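Below is one structure, written out as structure tokens; comments come after it.
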Amino acid sequence: MALPRPTSPHARGSNRTPAIMRLVLGACVPGLLTLTWLYGPGTLLNLAWASLVALACEAAMLALRKRPPGVFLKDGSALVTALLLAVALPPYAPWWLTLVATFFALVFGKHLYGGLGQNPFNPAMLGYVVALVSFPLEMTRWPSPDSALGLPDSLREFLGLATRPDAWAHATALDVLKTDRSLTVDELFAGNPAFGHLGSAGSEWVNLAFLLGGLFLLWRRLFTWHAPLGMLAGLFAMSLLFWNGSGSDSHGSPLFHLFSGATMLGAFFIVTDPVSGATSNRGRLVFGLGVGVLTYVIRAWGGYPDGMAFAVLLMNLAAPTIDYYTRPRTYGHRKAERGFKAGD
């Protein structure tokens, strides 16, 4: 009896790209619902619009590259990018801001380099940084959790029809801590509605929700613990090093930084990107540490309140070098070959 001899791989896993993307989308649901609960339906409007723009850009670029649109549109990667942008952008972002960020993420962050699996930078963070650098005023329109708008007002904000579009602008705790150095941190927490129990008001709950979703992905083994732990450890260590207990010039406590801004979103949904990050476990740990350290440096001394996106893009640049110096031991050799050799 002749036995079939199919080509390798003979052992097949269940983690195909569409299945992975569905898990990531599902893990973002707690954070998405928390954002909607605290800040109103603006985030859902961002998500719906970003998804339409992402799919349109994906289809157009696939057509230009003469690739079958049906196959690649179903993998869910464009929707994941749209979701990450939707939860990162302010809930009251105008429609054109979401369009610009999503367009740059899909076209310049993904397809310019060859599509899924070829991008050296995280597409969502690239689109976010383009929006932040180009339109800083619109990127600061975060409302207070106790003054969230309903659907009609959120829709007017989204369409740019509001009579006073800046009326609901609200400084986050990271903004206040960077600009108000006359008060101690304890005084800021006691007298400013931007601060919650651990970090920014509202942001601490959003971070807890994304932490829950990230732990679910970790439990499902979609990624290893190295990059998230490295990032959180780097951020924690830097904030602990410069924390003096009360002075506002210490830039906030370790817990404050862990539960403010986009910390947990970055730790579990951004730095774990298998394409733009490091590949070995040791490299992922170094990559995460670098993101955490750079995030704190930008938060404390940079020109932006939250430096997560910039930190990720800078470490994306360093990822090939990290991979080169953290190569695992090759089977049959006693130790890994590291560093550049003569003639390389």
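Cβ from N, Cα, C; glycine included.
Database features (Swiss-Prot):
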type     : residues : note
MOD_RES  : THR172   : FMN phosphoryl threonine
TRANSMEM : 23-43    : transmembrane segment
TRANSMEM : 44-64    : transmembrane segment
TRANSMEM : 77-99    : transmembrane segment
TRANSMEM : 120-140  : transmembrane segment
TRANSMEM : 198-218  : transmembrane segment
TRANSMEM : 222-242  : transmembrane segment
TRANSMEM : 252-272  : transmembrane segment
TRANSMEM : 285-305  : transmembrane segment
TRANSMEM : 306-326  : transmembrane segment
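Through the fold, the transmembrane segment (285-305) approaches residues 132, 172, 174-175, 178, 226-239, 242, 251-252, 257, 261, 263, 266-267, 271, 277-278, 311-312, 314-315, 318-319, 322, 326 of its own chain, all at least 6 residues removed from its boundaries and within a Cβ separation under 8 Å. A Cβ distance under 8 Å defines the sequence-distant neighbours of the transmembrane segment (120-140), meaning residues of its chain 6+ beyond its ends; these are 81, 84-85, 88-90, 93-94, 97, 100-106, 108-110, 113, 169, 171, 175, 270, 273, 276, 304, 308-310, 312-313, 316-317, 319.
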